[in-house]
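Residues annotated as region 'Disordered' in TrEMBL: 52-102, 555-598. Here TrEMBL flags 90-99 as compositional bias 'Gly residues'. Summarising the annotation, TrEMBL assigns domain 'SAM-dependent MTase RsmB/NOP-type' to 253-550. Sequence annotations record features per position, and here TrEMBL assigns S-adenosyl-L-methionine binding site to Cys361, Ala362, Ala363, Pro364, Gly365, Asn366, Lys367, Asp385, Asp412, Asp432. Annotated active site, nucleophile per TrEMBL: Cys484, in sequence order. Per TrEMBL, compositional bias 'Basic and acidic residues' is recorded for 571-582. Residues annotated as compositional bias 'Basic residues' in TrEMBL: 586-598.
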Amino acid sequence: MHHTRPQRAVPAVYPQCTRPGPSARCPLLPTMHQTRPQRAVPAVYPQCTRPGPSARLPTMHQTRPQRAVTHNPRGSRACPRRSRPCRTVRGGGATGEGRGFAERPCRKSGPLAVARGSRCRVRGPGRAMALYSAAASVLAGLQRRDGALKTLVYKSRFQNMKQLYALVSETLRYSPVLDSIMDGAALLKAEKKLPPHLAKVLVYDLLFGKGLKCGGRWKVLVLKHRARLQAELARLKVRRKVSCNEDLLAATEGVIQAPQVPRYVRVNTLKTCKDDVVDYFKRQGYSYLGRAARMEELGSLSGKQFLLDPHLPELLVFPPQTDFHENRLYVAGHIILQDKASCLPAFLLSPPSGSHVIDACAAPGNKTSHMAAILKNKGQIFAFDLDPNRLATMSTMLVRAGASCCDLASQDFLTVDPSDPKYSHVTYILLDPSCSGSGMVNRLPAEESAPSSERLQALARFQRKALSHALRFPALQRLAYSTCSVQQEENEDVVWDVLQEHGTAFRLVNVLPAWPQRGLATFPGAECCLRACPAATLTNGFFVAMLERQQECNSQDSSSSLPAEAEVDSGAERSQDGEGRGPRAACKKRRKKSRCVK
């Protein structure tokens, strides 16, 4: 022990032994140094500062159990991943040697931060301040027309993209109300150093959010005017004769209104199951009401009630505005916060386990993770996206979700060669191309929900190219085309143009016949497409069309691209078996007859 631990003072245990060298032996206790049992290692080793490999503690450092990182009054930290403690680095420097975690003051934001290697994750009040600053930057970019909301959020490189997107969206929803309150309270006139966009975000969280969570001078400046801001909010309610904050939006001109959309939570079956998640929420005080029998039940939830969706078996439904961003299940990837309409493409495509699938425009990755769960991580998903920032965020999301069957590529899907042997076994494709986003009327600002005709035409051209290109993969059997748009130019018109271009090779599939809202009747068979909107389906606006390759015998017997159901109803006279079951049934009968002859 003396030889292997020169740093530890022996007199603390054996007062008789004062010789620090390796040759020292205690004459009074000749065997205790060798036979005494190993003591429990304390959480901190202030004496252990081994800078190099020369000094070792082979037994105690290797056998002690891993501990969770906890605060230490001495300034050192026990590292859960290393055999030696991480030193606290003050002044915002790097953590130094090793790859373990170390807490330190952050030079930029001031609060406690967690560093691992070169990455810094802000915690505590500073994380909220970073969120507010990022939201203010996005609002400024929107005012300068630097890009769309989603684009600016991804360019911000903020760690929690969904949290940032939600804060900016809600601030935009209340923007006219916030302007009126801030003008009435003369906030910007009193605090001329407070940036206007940051002030708007801070006032939103103070009055309509969960309260200010940040520290620093900006919080102090806003809190100085809290009473005046709250009084101005009360006067505004009196003038407009409303009692709650949501009613202020209904009385505001220029804000697109929609029924409150429930909070949908998809259970990630790669990590857990529905029953375990339901039990967890029950223990958290939520009341489980079982599976909904009608869609109307989803709109009547309140408090801590939740239901199982009537259409999707792994989707739970909570009241609107329920926040799970800090929930343990969400942080661990056991649940995915995803709108019901966004779950439809992967659910309807339903590739069997072991299939090869392409996700053509994959980011941010919710649909990709959904397909990985349907595949049970067996098979291959080729995911493409042109934006490397969005793809990096998607990669992080997929790791958290436990999706291990995905091959990500920062590549334009239009440049992918369908004849490449790598994709020779691709039988399913999910295509969710860039769109106007006009269906998300309860989140996006008013100026983004009414795209210009020029932008619609440009988007429709790209969507037609992408859909036509996807249908050229030789082994393709089924394709799901979806957008979060409600514009006919991006939905039914694109599908009809591409179907005409490819002749009888593909046809529409009539999916979810009980779904209440169908496609616009702009061409024969358009009713096979699905549409969604807040009023009819209690979701964001959405469009889904399912295209399926026709069998060879169908191509010979039929010259129509109508869906199977529509063609059977209108063309029973073409049936060759005389029973009016359509060409598909006739084809099956001929195959059966040929097998019998053989």
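The backbone N, Cα and C atoms fix where each Cβ goes, and this holds for glycine too.
Features recorded in TrEMBL, as mapped to the structure shown.
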| residue | record | Cβ within 10 Å |
| --- | --- | --- |
| Cys361 | S-adenosyl-L-methionine binding site | 21 |
| Ala363 | S-adenosyl-L-methionine binding site | 27 |
| Gly365 | S-adenosyl-L-methionine binding site | 26 |
| Lys367 | S-adenosyl-L-methionine binding site | 25 |
| Asp412 | S-adenosyl-L-methionine binding site | 13 |
| Cys484 | active site, nucleophile | 21 |
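Note: the CA-CA distance between Gly365 (S-adenosyl-L-methionine binding site) and the residue listed as 'active site, nucleophile' rounds to 15 Å.
Spread of the S-adenosyl-L-methionine binding residues is 19 Å (greatest Cα-Cα distance among Cys361, Ala362, Ala363, Pro364, Gly365, Asn366, Lys367, Asp385, Asp412, Asp432). Asp412 (S-adenosyl-L-methionine binding site) sits 20 Å from the residue listed as 'active site, nucleophile', taking the CA atoms of both as reference points. Confidence for the domain 'SAM-dependent MTase RsmB/NOP-type' (253-550), expressed as mean pLDDT, is 92. Lys367 (S-adenosyl-L-methionine binding site) sits 13 Å from Cys484 (active site, nucleophile), counting Cα to Cα. Here the Cα atom of Ala363 (S-adenosyl-L-methionine binding site) is found 14 Å from that of Cys484 (active site, nucleophile).
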